Amino acid sequence: MTTDQADSRSKPDPAEGKAQGGGGAPNRERSHGRSSLRRLLDFAGPRKVFSYLGCGLSALSTIAGLGPYICIWLAVKDLLAVAPKWSQATEIAIYGWLGFGFAAASVVLYCAGLLMTHLAAFRSASNMRKAAIGHLMSLPLGYFDLHASGELRRTIDGSAGDTENLLAHILPDAAGSFAMILGMPILMLAFDWRMGLACLFPILIALVCIRVMMNDQGQSFVKKYQDALVRMSKTGTEYVRGIPVVKVFQQTVYSFKAFHEAIEHYSRIARNYAMQICHLPQTIQMTALNGTVIFLVPVAILLASGQGEFTSFLTDFAFYAVFSGMVPTAMTRLQFSNESFSKADDALNRITGVLSIDPLTVVAEPEHPKSADASMEQVSYSYPGANRPALDRIDFKVPEGGMVALVGPSGGGKSTCASLLPRFWDVDSGRVAVGGIDVRSIDPHDLMGQVAFVFQANRLFSTTLLENVRAARPDAAPEQVMEALRAAQCMDIVDKLPEGLDTMLGSGGIYLSGGEVQRVALARAILKESPIVVLDEATAFADPENEVLIQKALTKLTRVEGGRRRTVLMIAHRLSTVAHVDRILVLDGGHLVEQGTHNQLLDAQGTYARLWSDYERAVSWKVDNSPRSDAGAGQNPAGPIAGENHVVPGVGPFATDSSTGDSDIQRKGGEA
Ligand SMILES: Nc1ncnc2c1ncn2[C@@H]1O[C@H](COP(=O)(O)OP(=O)(O)OP(=O)(O)O)[C@@H](O)[C@H]1O
């Protein structure tokens, strides 16, 4: 999605009366208030002065670069004046050295200028990246659901790169070209204004052509072109991620429609621009510039007949013939700099688009939660652009140390509900509270400290196992990390890693399986020691062996020191894993349709009872079809829980914790 699309998802935050961060509302107006170059240089901070200096040096270099041409002209003039007695041309050597001096000075000035502009460009690009990444950190986590990583990478890294090129190379070159364009008419009209005009005429034609190409249509092309690049980058990233699926099903790139369409879209835009906007003006421009001599020769022939002193005329002609060769170079430079300015302008708008997305609101005097209960009071929430609410007036409370499960049909609103607690999104109406305090009144950092979130699919960083776990609590000692790994049943992982905790994971290191990654993520959550835990289908993708271990780790995670229980809000599709929680909330179509214990809900014969019976059927089907069905299914009268416990014996947050001897199943067995 482009930032423009993100714009359309923005919506007012009823609480604050302004665009919500999650929707992402870049304020383009703000970004157009000042010239792009000045806004860009602002990122360089005090180093912007290097940019001005660099451009000045580049302009001086161009002017110095004219010196050798004048020296050649003087030398030729000297020679022709004494022809054929060449030896009498005594000044030649001086002109030669002078020309060399000018050329050397031009090179030195240009290099010094480039050095300066590079210093400014690097600082500007790195500050831009830092600002954008820093700002991303302040956005609600839900923003990242809506914006693919490829798109963000392209926006931040690509845009910073585009502007870096502008400041480092294009700007000093443009300053040089500008100096050349200012100096050229003076120089050209100085020796023979008629031949000078003949040389300037194609430049005027080229300038008109450039103007035509960079009209409003051309500018809007650059915008569309950049959008097409972002779209290609985003769909390309998704395609690369989906390659295994594509290969397994023997599909080609054409089957990955979005990526294919993005490529087609990109080439269509580039083709249209070339054929509709550039074709004629570009042809005229290049012909005019490269054919300067075509204008010069007829003028020279006309002038030659009326010249009193032919040698002087010939010298002037030689000067214009040589000097006119510089014209295409200067004009091409100027044209490319114009394109780069448009490109950088667009890049800058993308960056400022990200920077102007409203971050999570932070109140001036945040409050600290007084306890570890969590509640929702009449909470409604709609995703930006959605035509019906994902949650509608949801009301419930998880008391401190309580365990509440969210169940319901797919799309019922379970994940949305859980993600409102750590402020992935802010509610449209109602209130989400932790410890009796509205989450919007808690400092976001404090809130993150209160809530540990275990996702369905977790990511590890490309660093050591130690640092991966320590991401949850950077000041934790290696012994504490080891303790968390032990509690998360990760000792088999630690033992098999060649350098234990210091083994690199991910690219360039060791890869872990999905279930192992899940356990390491649980170690993180355990190390974090937050009083509230949100579990989003933590065992969803685990194989039976890993599930046993994950369930054991979950048991540890749900308790703090001394056996006290953390407050747990969990989402589950496997109803067996929630049958023994304190309370089950059934969400259907964004409504809280039922709540109660497992038995109460079964008795109510509503949605939960229907889901349970579907679940029982699915499990008995699995058991009947399992090679071990003889050993387990029919023998256990306790239904699916028992059926699953046959496969996963005596584990889980609601089952026996072998290490502590506690048993939630036993403790809550009566309820079940
Ligand atoms: N990022 C999003 N943008 C727009 N709509 C969304 C987004 N995420 C979820 N929804 C919509 O919100 C509703 C609730 O989705 P949610 O993911 O909370 O349901 P769920 O009960 O967790 O589903 P599942 O069990 O399939 O994971 C659905 O209608 C879904 O289409």
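Cβ coordinates are placed from backbone N, Cα and C, and glycine is handled just like the others.
What TrEMBL records for 1-16 is compositional bias 'Basic and acidic residues'.
According to TrEMBL, the feature domain 'ABC transmembrane type-1' maps to 53-343.
Summarised as a single figure, the pLDDT of the domain 'ABC transporter' (374-614) averages 86. Marked as domain 'ABC transporter' by TrEMBL: 374-614.
The region 'Disordered' annotation in TrEMBL covers 1-33 (among others).
Positions annotated as region 'Disordered' by TrEMBL: 626-672 (among others).
Through the fold, the transmembrane segment (49-75) approaches residues 41, 89, 91-92, 95-96, 98-103, 105-110, 112-121, 167, 171-180, 183, 187, 191, 315-316, 318-319, 322-323, 326 of its own chain, all at least 6 residues removed from its boundaries and within a Cβ separation under 8 Å. Summarising the annotation, TrEMBL assigns transmembrane segment to 49-75 (among others).
According to TrEMBL, the transmembrane segment annotation covers 95-121 (among others).
Positions annotated as transmembrane segment by TrEMBL: 166-189 (among others). For the transmembrane segment (166-189), same-chain residues at least 6 beyond its ends with a Cβ under 8 Å from one of its own Cβ atoms are 37, 40-41, 44, 51, 54-63, 66, 70, 110, 113-114, 117-118, 120-122, 124-125, 195-197, 199-200, 203, 320, 323, 326-327, 330-331, 333-334, 336-337, 340-341, 343-344.
For 195-214 (among others), the entry in TrEMBL reads transmembrane segment.
Positions annotated as transmembrane segment by TrEMBL: 287-305 (among others).
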Cβ-Cβ under 8 Å with the transmembrane segment (95-121): same-chain residues at least 6 beyond its ends: 41, 44, 47-51, 53-58, 60-62, 64-68, 71-72, 74-75, 78, 163-169, 171-172, 176
